[in-house]
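What TrEMBL records for this protein:
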COILED    79-106  coiled coil
COMPBIAS  127-147  compositional bias 'Basic and acidic residues'
DOMAIN    225-273  domain 'RING-type'
REGION    124-147  region 'Disordered'
Amino acid sequence: MTRHSKQNTAAGHFTYAEYQMLKDRWGTRKLRLSTENMRAFQACYLCLQDAQRPVCCSEGHMYCKECILSDILGQKSQLSMLAKQRDELRAKEQEKKMEAEQAASRRRIEAFALGESSTVHPTLKRKLGDDECSPREHTEKHGKTEARIKSDATMPAFWLPSMAPQADANPSAMLAQDRVSTTLCIAGKPHKLTYVIYIPNSSTKGLVDVHFAKRTTDTKPQLYCPSCKKEFSTSSHPSILRKCGHVLCAPCTKELVHIPLQQGERVGCPDCSAAVEKQRDVIALARDGTGFASDGTAEIKSDGVAFQG
């Protein structure tokens, strides 16, 4: 047996070293973050610092009020710019369409004039054969053929990096994304986010002001549950009451809110007695976990093309 037959270039299966080589170049890669890379449960999703005047969305993502309002204003300015670009693209598309129709009309008139000036006039009309077509169809086919030849002549060599087509070369994608006035929450899966002052007994969805119960100790200020007085930590699963914004721990939320609501009883906030009418009035605060394998929810993911070899 020769040395070449023992190398992995001739083997019928992938070796561990080959899998490691492909791991960095192909496929989807996932990595769980450690405790040092995780966001604290009371931190803002934008500045990653302790939230000042905290607010949260309907999915439980918490922000500083100033950070999220600045982000919403930035999104609105960007959306207005994109809307203006879409209007310009629509105007250009309409202009091109009108020019094509005018060119086809001119060709039909020229073809009609050429037929009228002919000296031979058939006395009877005959049906067009399979290889013949009307002047209008002829001009349309002729225009499509010319457009195809022109596009083939100007098509770049897309397999070369220097001649790869740009993303903005095809405006159809921008025209399809007609998101003129919809701002999104960028944390987690993007969803609709608007800044609306909460109005009781209404279906408006917006940002909810968050009110943590705080106390001062010898070491540092603590955030705690106003019902059981237990301090919040990275292992806690706090929930926010939508109407008043007070934050409760998971056991208190279950015993004082969820179970009574399921039994049809009247429920109020343990701190301010604000009414809690439905289950959707309780928002689970989003958290990254503790850093342990069983409770680590912070994960980075890079999507890629799978190896086809």
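Glycine is treated like the rest: Cβ placed from N, Cα and C.
For the domain 'RING-type' (225-273), DSSP puts the residue distribution at 13 helix, 9 strand, 27 coil.
When pLDDT is averaged over the domain 'RING-type' (225-273), the result is 90.
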